[in-house]
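The structure follows.
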Amino acid sequence: MQRSRVLSRGLWAGLACVVGFIALLCLVPPVSRDALVHHLAVPKLYLKAGGMVEIPTMEWAYYPMNLDVLYWASLALGSDTLPKFIHFAFGLGTAVLLYRYLRKALGGPWGLAGAFLFLTTPVIMKLSTTVYVDLGLAFFSLAATLALFRCRENGFSGWKGVAWAGVLCGLGLGVKYNGLLVLMILSALVPLMVSRTVPKEAHRDIRAIGLAALFVVAALLAYGPTGIRNTVWTGNPIYPLYNGTVQKVRKALFEPPPKAPVAAVKASASPKEKGPGRMHPLQVRRLIYDESSLDLALLPVRLFFQGQDGNSRLFDGRFSPLLFLFVPLILFWRRMPDAWRSDVGCLLFISWIYIGLAICLTAVRVRYLVPVVPHLVLLAVYGLKLSMDTLGQATRPRVRRVGLACLALFVAYGLFVNGAYAAYLYRYVNPLPYLAGEVDRDSYVARYRVEHDAFRFVNKALAPTDLLYFVYLGKRGYYCDIPYVPDSGGHLRGLLNRGTALRSADEMVGYLKAKGITHLVINMSIVWPHLTEDGRPGEAEGFDRFLKTRTRLLFQSRGVYVFELNA
């Protein structure tokens, strides 16, 4: 009892330190990529427009906005650091859910251990300091899962609990489209849980199907505001996902088929050869990173032990090795207490179906797996508890000592990895010079974003009626106060080429003026090497001629140039 009390106090102290550490890192201006592209940039435009308006030049403006609406309110209050604390609050809420569940299932210290493990997982620490939305999806995904667990404990005796779980899942879908995977997995899990809980005599099969349908309907109703908005704007409730398929279905359902013209007799043409098509994400990894079949097969394991921020080959982020402690649950399944089996089985089902689908459907990024990090934390705590209990009951003292020593070393290694990442994150954010007034806001942002000096110039020198054309700026427009068209990847090619032919300088001017463009903001440190090394013949010369004869250079800093189109 005394040892448990000391451990609990230590974990409470550790949690307080972690929360204070993350809060300190939240006090600096936002510089993370997606915040400047989307999560702050779009609410800022809504604020200027006086309401939510369609922005066709920004595909990401159609994404779910449940958390972004809160960021919009923060900007209206004059703060762009408050959104960081809002995002962090969802991380804290997830930690509270973990604590409450584990305290009930295993005891107080284990609940604290789960909350501590979650908040110190590297990817969670990183996200807690940014204006992203992933922690909101993690919160709602875990809340929906735990709501279903409560329904199972009650024998699925009513429908309100399942409906509430569906609402929570739908709110997560309204945070980020990754929630579609969560919805699919949980809707498949509901009938499985019902079939293992409700006796056959109580119309088990009918109830399983009915409750699963109720779960899906409740989730879709909770997602409704975003779905209705996108349907009104684009005809696709999940735009831009699967837009081609959705539009074909709409056309088939709501538009009458055209009358078939009289067929003319034509000579048979040779069939067109199909292109290679879109490559599978795993094929892309093999091609770009020269990974072997073994490397690809081990991806689910490598996720826990490899990882580096900003390195796509290493998943652009970091998990914690401690999350790998789910393995003892599989090795010692027969030794597991019966009371754990249902929850652990469901958590394994959710986590690994999600991870498998995410790996196969898109590029492997640790951040895309955040919705199941809370589930992995629960599994890790269960696995640690089962390992300690199993080794503690070993009949051979030597086996017990060696096993516990190995377990302690692994836990120490995991804590070291988490601590080392925290130190790296502190060095990267480097908040004290800004908080002490040694570095002003603009200088702090410019340290991380090369385009910031150019934005400061255009904000002062240009008029609100001007329109900027971004080229290779990474779409980051939050700090730009002048209207702009972000580069989604085709701006340079569209400017230089008309189909397969190169545009002349006059044609480039006409192309831009037809869009209302008055100025260009170009990251020449990327554009020029791209054109000279990888461009088509004549592109570099044509672009250089256009800039020299049809534009006027207004500003340059750190490789970013501001040009004005000649009248």
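Placement of Cβ uses the backbone N, Cα and C atoms for every residue, glycine included.
What TrEMBL says about a protein is an automatic prediction, not a curated fact.
As annotated by TrEMBL, transmembrane segment applies to 85-102, 109-125, 131-149, 161-194, 206-223, 345-366, 372-392, 404-426. Here TrEMBL flags 85-219 as domain 'Glycosyltransferase RgtA/B/C/D-like'.
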With a Cβ cut-off under 8 Å, give me the same-chain residues at least six positions beyond the ends of the transmembrane segment (109-125) that come close to it.
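Sequence-distant neighbours of the transmembrane segment (109-125): 4, 7-8, 11-12, 14-15, 18-19, 22, 91-92, 94-96, 98-103, 135, 307, 317-320, 322-323, 366-367, 370, 373-374, 377-378, 380-381, 384-385, 415, 417-419, 421-422, 425.
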Flag the pair the transmembrane segment (161-194) / the transmembrane segment (404-426) as in contact if three or more Cβ pairs fall under 8 Å (sequence separation 6 or more).
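They do not touch: fewer than three Cβ pairs between the two stretches lie under 8 Å.
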By DSSP, how many residues in the domain 'Glycosyltransferase RgtA/B/C/D-like' (85-219) are helix, how many strand, and how many coil?
113 helix, 0 strand, 22 coil
Would you report the average pLDDT that the model assigns to the domain 'Glycosyltransferase RgtA/B/C/D-like' (85-219)?
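Taking every residue in the domain 'Glycosyltransferase RgtA/B/C/D-like' (85-219) and averaging pLDDT yields 95.
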